[in-house]
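Since the structure comes first, as structure tokens, the remarks are kept for the end.
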Ligand code: SF4
Ligand code: ZN
Ligand code: ZN
């Protein structure tokens, strides 16, 4: 089977959404081109510093590899977080990640929940369980990870924070926010980054038009050894996301290219939404930690979780929103 693009090499991938059979080189080139196109739209190409949030999983490796093809690696700085999850945050995985990034010429900085927040994720969860809070590990994890990534972005003076979210992640998030009717989050999901607080470093997702299966194949074809250990809390991932994911897979299987079309349509709609709902005012800041929080709130969700788990002094109880 010959590659439909170069017509010389043996094809190894069937790119279902285009119907093309591609060889290794043409497939890798195709992914890189599409990432570059998205990065140009997001104006990443001319920035001075971009913080790459890297977990060590396949998507973060693909992110670093593709961006370093057209952005000088000295402008990229990788950031890895140790959440403090027993059996998951393995030092061997981080070492491998560090070596790989070094080969690309990208420096890696490391941080952790324990050092920055004062508690590991395991400790936060245990404390919350003692108080009978019905909060999943992923809720703690996502909130504090976002906070640490933003702080690191500010520290290194980054113009952007880039994450490895792929097309599947992005479309799932769009559908979930549509179901919830969360307009603010929907508007923020468009292809052009939106500033909602001067305290947020703009977040971009250069892989948002690359299918998850493509990042997996890219990683394998490049011979990356990525972290495959599963987080022990994976079963706590919100069930709505799992259901939406399953539904989208079925749709994509029946009609390849569906996810890409949903995202492209959404980007157009989100532009219109942004114009109609001019977000002129900044998000309020949490009166405890100073981080931006949702309109109408005085403290942020992270501080609320720590107070409710008994991990902040008693005197902060008075700031809890009435539930
Ligand atoms: Fe964090 Fe949940 Fe992912 Fe584990 S599965 S790393 S707890 S978000
Ligand atoms: Zn080819
Ligand atoms: Zn706070």
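Glycine is treated like the rest: Cβ placed from N, Cα and C.
Here TrEMBL flags 3, 6, 23, 26 as Zn(2+) 1 binding site. Look at residue 26 (Zn(2+) 1 binding site): DSSP puts it in a helix.
As annotated by TrEMBL, ATP binding site applies to 53, 54, 55, 59, 81, 164, 169. Counting only same-chain residues at least 6 apart in sequence, those with a Cβ under 8 Å from the Cβ of residue 54 (ATP binding site) are 60, 61, 63, 64, 78, 79, 80, 97, 101, 108, 164.
Residue 300 (Zn(2+) 2 binding site): 23 other CB atoms within 10 A of its CB, across all protein chains. Annotation note: residue 300 (Zn(2+) 2 binding site) sits in a coil segment as assigned by DSSP. Per TrEMBL, Zn(2+) 2 binding site is recorded for 286, 289, 300, 303.
Annotated domain '2-thiouridine synthetase TtuA-like N-terminal LIM' per TrEMBL: 3-28, in sequence order. Tertiary proximity for the domain '2-thiouridine synthetase TtuA-like N-terminal LIM' (3-28) is limited to same-chain residues at least six positions away from its ends with a CB under 8 Å from its CB atoms, namely 211, 214, 217-218, 221-222, 256-257, 260.
The residues of the domain 'tRNA(Ile)-lysidine/2-thiocytidine synthase N-terminal' (49-187), classed with DSSP into helix (H, G, I), strand (E, B) and coil, number 83 helix, 20 strand, 36 coil. Sequence annotations record features per position, and here TrEMBL assigns domain 'tRNA(Ile)-lysidine/2-thiocytidine synthase N-terminal' to 49-187.
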TODO: Express the distance between the Cα positions of residue 3 (Zn(2+) 1 binding site) and residue 81 (ATP binding site) as a whole number of Å.
DONE: 40
Task: Chain-internal residues, separated by at least six, CB under 8 A from residue 55 (ATP binding site) - done: 80, 81, 164, 227
Open item on the list: Given 26, 59, 286, 289, 300, 303 as the binding-site residues, which ones have a Cβ positioned under 6 Å from some atom of ligand 3?
Closed with: 286, 289, 300, 303
- [ ] Specify the nearest of the binding-site residues 23, 26, 53, 169 to residue 300 (Zn(2+) 2 binding site), where nearness means the distance between Cα atoms.
- [x] 53
Task: Candidate binding-site residues 53, 59, 286, 303, pick with smallest Cα gap to residue 6 (Zn(2+) 1 binding site) - done: 59
Open item on the list: Counting other Cβ atoms within 10 Å of each residue's Cβ, which of the binding-site residues 59, 169 comes out lowest?
Closed with: 169
TODO: Among 53, 59, 286, 303, these being the binding-site residues, pick the one whose CA is nearest to that of residue 26 (Zn(2+) 1 binding site).
DONE: 59
